[in-house]
């Protein structure tokens with residue numbers, strides 16, 4: 001549900017890289033759930049590996065919005081340089097007042113306007129950081145759960161004891177027949 005919520009807000013902001021990452025995340029989560037329901041440890045292992053990638057992606061998003069390491073939140077990196085869109089929260093955050101003013105003097109841009117945002121209770125970059133932090137927390141819980149489920153599934157497979165078992169040398173061996181019958185040939 002958290003990934004779907006994040007997908008909606010990334011669609012509203014036209015941020016294509018997060019949209020693709022969220023879509024892939026949703027597919028892998030469904031695969032992991034399917035693996036859990038159908039007792040398929042390989043699908044759960046794929047999910048566990050994906051959670052490591054997902055945590056890395058969310059750390060990148062946090063660094064992007066906090067402008068760590070030369071990254072800039074004003075760059076067009078998340079939109080693949082297709083548009084100048086930003087996070088939906090940049091104009092629609094809690095308490096934000098959005099003011100539009102038309103750009104006079106420039107012909108052909110009648111529908112375009114300059115948007116200024118004032119009075120935000122919380123800056124949009126901190127909202128995005130909180131979203132990514134929450135995704136990391138959920139992914140870590142999912143990783144631990146996936147490892148536990150895989151260990152339970154593989155333990156169940158190893159503990160199954162069919163006739164004769166896996167032990168080549170049983171602790172005790174009881175002959176049901178006397179030894180003289182074991183070597184006696186049978187004739188028809």
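Quick reminder: no glycine exception, Cβ is built from N, Cα and C everywhere.
Annotated by TrEMBL as transmembrane segment, the relevant range among 134-153, 154-173 is 134-153. Beyond its flanks by at least six residues, the transmembrane segment (134-153) meets 2-3, 6, 29, 32, 36, 39, 41, 44-45, 47-48, 51-52, 54-55, 58-59 of its own chain at Cβ-Cβ distances under 8 Å.
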